[in-house]
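Taken from TrEMBL as is:
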COMPBIAS  B:17-31  compositional bias 'Polar residues'
DOMAIN    B:112-310  domain 'ABC transmembrane type-1'
REGION    B:1-31  region 'Disordered'
TRANSMEM  B:50-71  transmembrane segment
TRANSMEM  B:116-142  transmembrane segment
TRANSMEM  B:154-171  transmembrane segment
TRANSMEM  B:183-203  transmembrane segment
TRANSMEM  B:242-265  transmembrane segment
TRANSMEM  B:292-313  transmembrane segment
Amino acid sequence: MTQFQTDPAPSRATTGATLLEVEDLHVEFRQRSGVVSAVNGISYSLAEGETLAILGESGSGKSVSAQAIMGILDVPPAVVSGAIRFEGRDMLAMSAEDQRQVRGPGISMIFQDALSSLNPVYSVGWQIGEMFRVHQGASRKEAKRKAVELMDRVRIPAAAKRVDDYPHQFSGGMRQRVMIAMAIALDPRILIADEPTTALDVTVQAQVMDLLKDLQRETGMGLILITHDLGVVNEVADNVAVMYAGRIVERGTVDDVFTDAGHPYTEGLMNSVPQVEAKGGRLQPIVGQPPNLAAIPSGCPFHPRCARRRLGAEAAPGRECSIDVPPLRLVASGREAACHYSEEVLGVRAV
Amino acid sequence: MTDQQQADLRKDEIEAGTTTGLASPSVDPTSDRQNSLWSDAWAALKRNPLFWIGAVLTVLFTVMAIVPQVFARGQDPRACDLANSRALPSADHWFGYDVQGCDYLSNVVYGARNSLIIGVFAVVVILLLGVAVGAIAGYFGGVTDGILSRIADIFYALPLILGALVLLRVGPETSIPIINSRGPGAVALALALFGWMTAMRLVRSQVIAVKSSDYVAAARAMGAGNTRILVRHILPNAVAPVLVYTTITIGVIIAAEATLTYLGVGLQRPAFSWGLQIEAGQSDVRDAPHLVLFPSIVLTLTVMAFILMGDALRDALDPRQRA
């Protein structure tokens, strides 16, 4: 899948050094019933202070790619190939012990469901403090003191009193803050947030996203935001990569992609969101279902659902949607899309 | 426990935690409070009369094992007078006399020590073996799990009493320490060796259920190593059913010890043992039924005490059993 290896898209708000380079990442799950290809050759990079949103439906491979970066997939059945370079070093080539050293201080992760991601038998202070005990060999007392500081930093009220409370004694938003406190404990260079606000209500969502942005400003960390929430992406992200069936189908700055999609799938996503201007009109959902990752359609994986597909005689030579796999290519300045007819999609929604 | 049970458990914790959290917010940041599963379990235990019966009996027999003199009413179990042989219970000698004319109450009381030592020692070995083997099998899975589980299956094929009987029969002829001694240590080890598999299976299934939970993935994402994940994150969430099982098993082991001793392969005279006393008394059961009756009653009460506590603990740790 070398055609997917293209230069990383220029980014909008970043000036920092490159922290993470993902190159031609593949993740397969070998099962008795066959091979499930969850991630099929994605490449992207992340710079200091950059927020990259990875957008996609359930089953598009966005969470699996993050788990592959964190090294928390069970291998086997998962098979990870490609390169994941953190500050220039390929994590897939590292020893397990070296990888473990990167997790925490280098790359850290926030999970979607904070309640199930916190151990029910330990107090939150113990769990936050564990980071210091594991990576810095801090004493219990020292770890606890730092845990209280962190809880203050993520704005948990009365942190000193609540440090000994258990996860179930916190509200959903506070639990997510505890998760964030754990994730940022060692000032990671990269924070991966896997649907950090999906389990929260809207007001709390906004607070959590604000908190993440503030923390990013303080520390200059790179933030990878995995979500299917277009509103969140629009508000906080610099760049966006849209994933479909384990591939990146479009990449660019949030402003560009959101104002004028370059791939029919992105276009479909945008049309399925209520718009103030389109008040009273019907929403246009994307027809059909995301593909079964064990049997990804030939050619462009999106073609069975695509309104703009060209099959047979309609198609230009070498650009038949059900036969030829469209490479991720530069379609406009700073824009990449994996569609044979991207130029026809671009400009449709331009205001 | 199944995933559903675990989900229920977690849900119950949330519900229980909400109320306790509101009623008594923690104010002492230095206190080492128990987690809610255990504090809830304790609250449920406190209300269970069966637990208290079991607990009082257990404490009673434990004290009896440590300081039997206190319970022997001033009698020396070794001071015997054949003139009193098989005398029936009286106001001075509540349990009467045995065949040798020894005070039977003191004999029965002194028997508690061996029973409890064997019960507790065997269960500690069962717990160590079961948790270690079960945790490794469940956590690493694959070939490791296959080999360890098949070994457990082989031991399962040997009945507890039969296996222990054979081992104790051939034990004295070997040069293995403890096993060749015919003392309480040999009996306990023999029973533990053929009784650890259920504990192992319990731990294994628990570890498998817990290891796929999000907080284990989270711990790994934070850079925790295998040992830390297994010991700190998985085992504390997996021990509850094993604890229940081992409490009940103490009772079962004590009964099994009496059986082995009765069959003549366990403890040997002149040790004090309820099994030995029942065995010695059986030939005189028509003339002196108290010789079988009293050690049997005490044996039954001891076994019952542990089983009652285990049952109460199981109910307390399983929220679905709670009213």
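Even glycines carry a Cβ here, placed using N, Cα and C.
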Positions on the same chain near the transmembrane segment (B:242-265), where near means CB under 8 A and six or more residues out: 114-116, 118-120, 122-123, 126-127, 130-131, 160-161, 164-165, 168-169, 187-188, 190-192, 195, 198-199, 202-203, 206, 273-276, 278-279, 299, 302-307, 309-311, 313-314, 317
Leading contact stretch, B:50-71, B:116-142, B:154-171, B:183-203 vs the transmembrane segment (B:292-313) - CB distance under 8 Å: B:50-71
Outside the transmembrane segment (B:50-71), six or more residues from its ends: residues with CB under 8 Å to it: 105-106, 109-110, 112-113, 115-117, 301-302, 304-309, 311-313, 316
